[in-house]
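J.: I grabbed these lines from Swiss-Prot:
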type     : residues : note
ACT_SITE : Arg173   : active site
ACT_SITE : Ser223   : active site, proton donor
ACT_SITE : Glu293   : active site
DOMAIN   : 30-194   : domain 'FAD-binding PCMH-type'
Amino acid sequence: MSVREKMLEILEGIDIRFQEPXHSYSYTKVGGEADYLVFPRNRFELARVVKFANQENIPWMVLGNASNIIVRDGGIRGFVILCDKLNNVSVDGYTIEAEAGANLIETTRIALRHSLTGFEFACGIPGSVGGAVFMNAGAYGGEIAHILQSCKVLTKDGEIETLSAKDLAFGYRHSAIQESGAVVLSVKFALAPGTHQVIKQEMDRLTHLRELKQPLEYPSCGSXFKRPVGHFAXQLISEXGLKGYRIGGVEVSEKHAGFMINVADGTAKDYEDLIQSVIEKVKEHSGITLEREVRILGESLSVAKMYAGGFTPCKR
């Protein structure tokens, strides 16, 4: 029995799509095919997929809403798991519990409806709750670390554990999950009682700022660089004269230099080449080395063509 036949038998009932283009699920609108794109409906299906992948030695990864990710043009080998169907959100007093696939912006709106404050900073951050925890997403002085009470995860070995904020060792755009290989299942956020109108006014203000300053009208990978200590990445890029700088179909936004935008059917290679070129030019101009915030995943097109049969153990 081939691995694919075994997969269809053991993972029967789970939504698995073969050779699925990743660009349909990415904010960048680029990316090659995933060998197996999986949409588990609950944590039990997710655990089944992870267990099967581990047993068969098939690589796997979980993507949130792919808002701060570039999938290379050659695609991703193995399983790519999208958790957007794990999206339940509940409110208990001043606590919101959200599954990993819940939309982060919608979760902040649920907090607003219940007059809970503390989540306003995230009202315009695209992505999923799980992805936000993974990278300790933040904006306008707030971040996930400030409000996370606990986080339920599936370890890479298939065990379910509950972690505290301390366990997650949050840092700037970092959590311990990035090294552990665990998968976020659900998160509890500790908020505070507030006034609906005050919360709404703050969310409206932050949303307006984001619309004013960021190129939301174009596909992009979000904020491409982490903030260097004592500096702003966008300012360093602007000072080097790089606004409007373009490689292929991707260019540095004139509106916000920290964003690389897809203006003309750009490719993942265009994104990657532009980001690397910006890093080099900023280093040359200011002596400061920018660090990528966006994650780059998968294989280049040239590598994928060398192994046109896909992931070797998975005979199709």
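Using the three backbone atoms N, Cα and C, a Cβ is placed for every residue, glycine included.
Show me how these features fit into the shown structure, please.
T.: Look at Arg173 (active site): DSSP puts it in coil. Annotation for Arg173 (active site): same-chain Cβ neighbours under 8 Å, separated by at least 6 residues, are Met135, Asn136, Ala137, Gly138, Lys226, Glu293.
Sequence-distant neighbours of Ser223 (active site, proton donor): residues of the same chain at least 6 apart with a C-beta under 8 Å from its C-beta are Asn68, Ala233, Gly258, Phe259, Glu293, Val294.
Over all protein chains present, the Cβ of Glu293 (active site) has 18 other Cβ atoms lying within 10 Å. DSSP gives Glu293 (active site) a coil state; it is part of no helix or strand.
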J.: For the domain 'FAD-binding PCMH-type' (30-194), what's the model's average pLDDT?
T.: 95
